[in-house]
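**Student:** Handing you this structure, nothing more for now.
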Ligand SMILES: Cc1cn([C@H]2C[C@H](O)[C@@H](COP(=O)(O)OP(=O)(O)OP(=O)(O)O)O2)c(=O)[nH]c1=O
């Protein structure tokens, strides 16, 4: 069994997809502020570690804990979740017609020992005019998502190309996660 220290329904769906038995933990939220001068890769790694550690502290049992973090990075700028629709529109205007990186870090703690992996995916959004971007923002889909879009939903129609991990963009890079689960002795392909 695994404790999932995440409120993201996407992460739960990806774990369920590969048959991992898990329990979602209601861990206290952590401060997601980017530190001054902090590189995006260091930031997502720190967030995943802190989420896993908060999960460890809240877990009622000794089973392994998983925490993860996903950020959209444009140049060196980290785009988190938009605060409102205006910010969502501004993010999508910046993202359209160019390539960005999606960084996803995953941290598994076996006992008190953390192990971390990071995935980087290059995504290019199509050239999109304001009318199209406003229509997408109005769907509300991007509100709780880094970079203001969801590749697994209506947002798939915004994407021109992807190079890397699709599950990483959705929030949990399975290519990196499965070896961490194996390391921690967490089974997959279980009837859930
Ligand atoms: C780019 C992109 C992000 N996302 C989501 C994944 C994450 O849930 C979210 C990024 O926010 P995160 O802070 O990584 O995660 P979260 O707040 O949703 O959940 P928790 O901290 O409790 O684990 O954006 C998509 O669902 N699809 C996408 O295409």
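Each residue's number is its place along the chain shown, starting with 1.
Here the Cβ of each residue, glycine as well, is placed from N, Cα and C on the backbone.
Since the structure is predicted, the reported quantities are computational estimates derived from the model, not experimental observations.
Per TrEMBL, the features are:
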ACT_SITE  69  active site, proton acceptor
SITE      10  site 'Important for substrate specificity'
SITE      70  site 'Important for substrate specificity'
SITE      152  site 'Important for substrate specificity'
**Student:** Which recorded positions are spatial neighbours of residue 152 (site 'Important for substrate specificity') here, meaning Cα within 10 Å, out of 10, 69, 70?
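**Tutor:** Neighbours among recorded positions, in sequence order: 10.
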**Student:** What is the total of other Cβ atoms whose distance to the Cβ of residue 152 (site 'Important for substrate specificity') is within 10 Å?
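**Tutor:** So the Cβ neighbour count for residue 152 (site 'Important for substrate specificity') comes to 17.
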**Student:** Tally every other Cβ atom lying within 10 Å of the Cβ atom of the residue listed as 'active site, proton acceptor'.
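**Tutor:** I get 27 for this one.
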**Student:** Measuring Cα to Cα, how many Å separate residue 10 (site 'Important for substrate specificity') from the residue listed as 'active site, proton acceptor'?
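**Tutor:** Taking the Cα atoms only, residue 10 (site 'Important for substrate specificity') lies 12 Å from the residue listed as 'active site, proton acceptor'.
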**Student:** Between 10, 70, which of the recorded sites has its C-beta surrounded by the fewest other C-beta atoms within 10 Å?
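**Tutor:** Looking at the recorded sites 10, 70, the Cβ with the fewest others within 10 Å is that of 10.
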